[in-house]
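The transmembrane segment annotation in TrEMBL covers 24-49, 61-86, 98-120, 140-158, 197-225, 237-260, 272-292. The domain 'G-protein coupled receptors family 1 profile' feature in TrEMBL is assigned to 41-290.
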Amino acid sequence: MAETNLTLVTEFLLMAFTEYPERAFPLFLLFLCIYLITLSGNLGMIILIRMDRRLHTPMYFLLRHLSFMDICYSSVTVPQTMAVLLEHGAALSHSRCAAQFFLFTFFGSIDCYLLAIMAYDRYVAVCQPLLYVTIMTQKAQLGFVSGAYVAGLFSALVRTVSAFTLSFCGNGEIDFIFCDLPPLLKLTCGDSYTQEVVIIVFAIFVLPACMVVILVSYLFIMVAVMRIPSAGGRAKTFSTCASHLTAVSLFFGTLIFMYLRDNSGQSSEKDRVVSVFYTTVIPMLNPLIYSLRNKEVKEALRNILSRIQLS
């Protein structure tokens, strides 16, 4: 390869949706509304769990951390996307792109681990109810959450260092809503074998590992539910898992589509739609999923609202 054809990238240009300038402002308003709903919904969930003593259980302790992660996760990407739409593109320095990539990976990894821990919590609650209090102690909860944060930090550090030791060539344009690994790899020049190995290692030790925990937990849950003689009892028991199962299906389904497939020859338009879904829409939907399909949350919300009206 001739050296004259290689221009090292010192800054990246986010260009997602800039081919439709007439749609920029409506899309900006849409993202703004989604972001405000995400912030208010997840913050409201955190406050509700904090205020209602009946929600001071291991499951809601984990849900509180999940809501906090959804706020952080969304805040890494959505404001940047709105800036791209308003300015018809946005330039990011090498270090700023790396910082965004690190934070996105950090919060996203913790989300994966928390959903897996929540599946284990449901397994203990359904399959070993008499031991639930002794297994899911406050110390155990803190240990699980601390482990998720440490593992997320390690994963983010490894992936960020590996990705940004690459050399990037060309015009630096990224047809994406944020600095993510698939579009960055398209700009690499030279050997990227090591970085591709890191992607595989990340895929093996984060996504499938968490999915195995979730699938095994729900396999035992289904066996336990099928042993319940009455249909009403089976429905009531499984309903305690419905919200979590819905959140898991949405989150991991989009991540699998994005990261556990061959990206060669794939439509960047399709990738952008999927990335918007898992970075923007899912954090907005999670509070709705856990409130609309959860009797305890709905009762707690009614109690809080009645207290406000009485005061």
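Heads up, residue numbers simply count up from 1 along the chain you see.
Every residue gets a Cβ built from N, Cα and C, even glycine.
Model, not experiment: these values are computed from the prediction.
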Original post:
In terms of Cβ proximity under 8 Å, which residues at least six beyond the ends of the transmembrane segment (237-260) contact it?
Top reply: 108, 111-112, 115, 118-119, 122, 125-126, 181-182, 199, 203, 207, 210-211, 214, 218, 221, 224-225, 228, 271, 274-275, 277-278, 282, 285-286, 289-290, 293-294
Original post:
Is the transmembrane segment (24-49) close to the transmembrane segment (98-120), in the sense of at least 3 CB pairs under 8 angstroms with a sequence gap of 6 or more?
Top reply: no
**OP:** Between the transmembrane segment (197-225) and the stretches 24-49, 61-86, 140-158, work out which stretch tops the count of Cβ pairs under 8 Å.
**Re:** 140-158
**OP:** Restricting to the domain 'G-protein coupled receptors family 1 profile' (41-290), report the mean pLDDT as a whole number.
**Re:** 86
